[in-house]
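Asker: Here Swiss-Prot flags 28-50, 81-103, 176-198, 208-230, 243-262, 301-319, 329-351, 409-431, 452-471, 514-536, 603-625, 629-651 (among others) as transmembrane segment, drawing on sequence analysis.
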């Protein structure tokens, strides 16, 4: 069953990609969807068998690397962390496959699209099941390549080309440091197998663990779009909307957080890495929330919302609450996929326009889409008893419950981020569905809900967004849960804060995020409805214009990168190519070898004079040289060099 679970998406991808012309569009739909849905049911069985029974399964497939002391097996491990990620990845992936049947129905390259989707799913499965860092890295690079292929699916669009390259190159920065971290693990521990590394981690110097942890954190920063290496995420919205739902909800962006959770037995022994995670997540949460508030593209707003929630997960990792980070990751996948697919339904209905300032009044035309996006938004802002409430608010409470200065500051910073998350969620809903119509009349004439293939995934995800958090909270974060007793997640006893979070945090600080978010949402709606002139006048004032430009242009970070980093790197590359590659390297390399070979062949050709006595002299010199070589190899080497030099001088004089 477990090998079938891994192989099925790959088989679907191969059939759809290589035999698409034979099976046709409907055949590609059927094969890829059946393979992924079957894999999903197998994953649910694995969740109950492995997770609830605490019976990790390891499958050894083949020997991969066997060089001196390095021995790497191609093997897969199924534990509670793996099967929890399966639930997220495969349920969302199967629903995205079904949704794409209708959404991509008019595209001429359906087989290629579904092949990429299934390949993406397969690579994510490899990433979460790998039993060592090397196999994990295969899946890590695989999802990066598939992301490039999917974002650049409409390859005739310049914006898609640029966005896919941005995603690929930005992730290479993190991948480079992750590779350095893997080499550091290999150098320190002598192996890259999870069980070996994690068993030895307590006995190693904290400085070594810190260096390795920072390398892993930078790798996760790129993949999970944290501040500094985040610029690829909003640009990746150029791909089809189902791709956005798959990449930014359940697969690629969660890979970085998964890496940190999987490495919990390692980074738990470095307080520096945990503090870095804490602050990185807090800064990312506020940073992305502020930018998202000033965007006008509906998909980019949701993308920055994803970035904000990933920051929350990294905060949970910094608090050593890995089970809480996993719980939020799983919850977030469902309501974020619902937001993206709901946005896709809106875009599909209004002739592919993504600027929500040109929507308005769509509640009457898209009642189902409005309902599911309302549910997803309520879950995103952690309204009580929705799925997001059980994990997001618990992360904020845990930050306060650690009772350190840094975690208390992070609590207030993350609360501010949650407030702005509520604001832009209300903004999207209000301007898309509730305000007066602002778009062209022709869009409203043709606006309609999608067919069954588009509506069924929305309804299923809406159910998950309401009930999943309540039904599974005791499994993931309950005080008596035994779900993680297989040691897939490790929390050092001195870092355990779950009891303090549950019972010691004052009620005021538990309610503060909810009160702030509701108050700010009501204030924003009141200002928009009853005092719109005040907002408009402020926006067109000099101060308002500067504030809007600063946040709308994403803190000018991309401008800074392009002007000072990219330009400098390109100049350095140009000078290196001009002065080094085309200079000494070329002289010593191809050009020098060519000229040297020609000169040598000409010199040897000049020795052929056609005179018998000259050839007799060559034979005599060769004989003397051989005898001298044997004799002087046991005596003075300097004399041997002198004789060789004399022979060459005689040859040259004879040639002249």
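From the backbone N, Cα and C atoms, a Cβ is placed for every residue, glycine too.
Predicted, not measured: the structure shown is a model, and the values here were computed from it.
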Asker: Same-chain Cβ contacts of the transmembrane segment (452-471) under 8 Å, 6 or more residues past its ends?
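Answerer: That would be 91-92, 95-96, 98-99, 101-103, 327, 330-331, 334-335, 337-338, 341-342, 344-345, 348, 368-369, 371-372, 375-376, 379, 385-391.
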Asker: I'm a bit unsure how to read this: which one of 176-198, 243-262, 301-319, 603-625 has the highest number of Cβ pairs shorter than 8 Å with the transmembrane segment (208-230)?
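Answerer: So the stretch in question is 243-262.
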Asker: Any chance the transmembrane segment (329-351) and the transmembrane segment (301-319) have 3 or more Cβ pairs under 8 A, given the pairs are 6 or more apart in sequence?
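Answerer: Since 3 or more Cβ pairs under 8 Å link them, the transmembrane segment (329-351) and the transmembrane segment (301-319) do come into contact.
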Asker: With CB pairs under 8 Å as the measure, which of the listed stretches 28-50, 81-103, 243-262, 301-319, 603-625 comes out on top against the transmembrane segment (409-431)?
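Answerer: Looking only at 28-50, 81-103, 243-262, 301-319, 603-625, the most contacts with the transmembrane segment (409-431) come from 301-319.
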Asker: Let me spell it out: take the transmembrane segment (176-198), skip the flanking residues so only those 6+ beyond its ends count, and list any with a Cβ under 8 Å from a Cβ in it.
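Answerer: Tertiary neighbours of the transmembrane segment (176-198) are 69-73, 77, 131-134, 137, 140, 204, 208, 211-212, 214-216, 218-219, 259, 262, 265-266, 490.
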Asker: Would you kindly list the residues that approach the transmembrane segment (243-262) from elsewhere in its chain, counting only those six or more residues past its ends and only Cβ-Cβ distances under 8 Å?
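Answerer: Residues packing against the transmembrane segment (243-262) from afar: 81, 85, 88-89, 91-93, 96, 99, 117, 120-121, 124, 127-128, 136, 139-140, 143-144, 147, 150-151, 153, 174, 178, 194, 216-217, 219-226, 233, 236-237, 277, 299, 302-303, 306, 310, 313-314, 317, 322, 325-326, 329, 332-334, 336-337, 340-341, 344, 488-489.
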